[in-house]
Amino acid sequence: MSKVCIIGTTTWGITLGTIIAHKGREVMLWARTEDEAVLLSTQRRPADFLPENYHFPEFMNVTASLEEAIAGADMVLLAVPSQRMRPNIRLVAPLLTKSMLICSAAKGLEIGTAKRMSQVITDEISPDFAKNICVLSGPNLAMEILKGLPAVTVLAADTEKTAKKAAKLITAANFSAYTNTDIIGVELGGSLKNIIALGAGIVDGLNLGNNAKSALITRGLTEISALGAALGANPLTLSGLAGLGDLIATCSSNLSRNHFVGVELTKGRSLNDIMYNMSNVAEGVSTTAVAYEMARSMDLEMPVTENIYNVLYNNADPKEAARILMDAQATHELAGRKWNLFKMFRKRKARKTPELNPD
């Protein structure tokens with residue numbers, strides 16, 4: 001029987017463990033403390049933030065021993081907040097073997113380094129294991145998946161062989177996995193869309209309507225594509241499941257933590273108050289700060305990101321930020337300093353259609 005070790009008793013970690021265990025694979029969930037492990041093992045129901053009728057599947061167990069959790073695993077899957085990835089992979093690294101896949105399920109960028117999670121993992125593990133790194137990302141709202149609703153995700157790695165190997169471990173009846181070798185694009189799509197989800201929450205909180213939200217999402221995707229291309233991503237990846245797909249799901253659902261934060265900001269609540277009272281992390285808050293600084297250092301115009309940043313960190317009025325974003329000032333849709341989107345998406349001269357021979 002294949003075994004998957006999951007680092008992180010987060011909603012997403014438990015959701016992924018449930019998917020894999022229902023497939024008949026052994027899942028070992030690592031809890032950071034013995035008390036948490038005992039609580040989860042005895043109650044078989046993790047926390048109040050999961051559906052009331054949820055219980056651990058038969059093949060999913062919990063341990064506080066990291067050695068026990070990882071021993072014999074085919075994959076170590078890290079479902080931790082992005083700012084906790086480095087300390088967790090440092091703990092895991094000495095226990096890895098060359099046969100183990102190392103998969104990140106986090107959607108964020110590291111504060112201070114602006115690194116993607118696969119880069120953080122690469123920093124901390126033996127170079128001999130680098131080929132085993134993969135990432136999971138896509139339009140995956142955990143609560144929908146736990147209710148048995150269908151979803152699709154993307155497994156990305158530097159090689160198709162590694163991506164397919166990971167996808168086979170995770171694919172289940174209602175959870176399909178596509179593969180991709182554009183690991184940069186898949187990670188950036190999953191991370192940067194959280195910024196736009198904050199904005200979508202602001203639009204919904206202000207009752208500005210679907211036209212405004214559609215405009216925000218579309219302009220947001222343009223910014224994601226611009227920054228992604230500047231960092232080496234394939235723009236087509238950002239138009240796929242890990243980019244546009246995840247963007248639509250996160251911006252459209254009340255289940256999204258980032259969307260929730262945006263809505264709450266329009267009610268006059270402070271960011272600190274909102275974050276303090278959340279049971280899970282809204283990754284977009286830290287990602288906004290990282291992306292904002294990256295855009296400044298690269299001299300990229302990213303007005304959506306800039307305005308969301310000002311709301312989060314400069315106490316800007318959400319209503320004023322929304323007004324600014326809806327004021328196009330008759331600029332070209334693909335215009336932006338150093339975006340180079342004209343080069344990527346420029347219209348090619350149409351070929352002359354040959355005339356048909358009437359005979």
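Residue positions begin at 1 at the first shown residue.
Glycine is no exception: its Cβ is also placed from the backbone N, Cα and C atoms.
If you check Swiss-Prot, you get these features:
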ACT_SITE  Lys193  active site, proton acceptor
BINDING   Thr11, Trp12, Arg32, Lys107, Ala142, Arg257, Val281, Glu283  NADPH binding site
BINDING   Lys107, Gly138, Lys193, Asp246, Ser256, Arg257, Asn258  sn-glycerol 3-phosphate binding site
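Here the features listed in Swiss-Prot are painted onto the structure.
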| residue | record | Cβ neighbours (10 Å) |
| --- | --- | --- |
| Thr11 | NADPH binding site | 19 |
| Trp12 | NADPH binding site | 22 |
| Lys107 | NADPH binding site | 30 |
| Ala142 | NADPH binding site | 22 |
| Lys193 | active site, proton acceptor | 33 |
| Asp246 | sn-glycerol 3-phosphate binding site | 28 |
| Arg257 | NADPH binding site | 22 |
| Asn258 | sn-glycerol 3-phosphate binding site | 26 |
| Val281 | NADPH binding site | 19 |
| Glu283 | NADPH binding site | 23 |
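Of all Cβ atoms in the protein chains displayed, 14 besides its own lie within 10 Å of the Cβ of Arg32 (NADPH binding site). In terms of C-alpha distance, the listed binding-site residues Gly138, Asp246, Ser256 place Ser256 closest to Glu283 (NADPH binding site). Taking a C-beta cut-off of under 8 angstroms and a sequence separation of 6 or more, Gly138 (sn-glycerol 3-phosphate binding site) has the following same-chain neighbours: Ala151, Val152, Thr153, Val154, Tyr178, Gly190, Leu241, Ala242, Gly245, Asp246.
Closest to Ala142 (NADPH binding site) by Cα-Cα distance, out of the recorded positions Lys193, Ser256, Asn258, is Ser256. For the pair formed by Val281 (NADPH binding site) and Asn258 (sn-glycerol 3-phosphate binding site), distance between Cα atoms is given as 9 Å, rounded to the nearest Å. For the NADPH site listed in the record, the two most distant Cα atoms among Thr11, Trp12, Arg32, Lys107, Ala142, Arg257, Val281, Glu283 lie 24 Å apart.
The secondary structure of Thr11 (NADPH binding site), as reduced to three states from DSSP, is helical.
Comparing CA positions across the recorded positions Thr11, Trp12, Arg32, Lys107, Lys193, the one lying closest to Asn258 (sn-glycerol 3-phosphate binding site) turns out to be Lys193. For Ser256 (sn-glycerol 3-phosphate binding site), other Cβ atoms within 10 Å of its Cβ number 23.
Rounded to a whole value, the Cα-Cα separation of Thr11 (NADPH binding site) and Lys193 (active site, proton acceptor) is 19 Å.
A straight line from the CA of Arg257 (NADPH binding site) to the CA of the residue listed as 'active site, proton acceptor' spans 12 Å.
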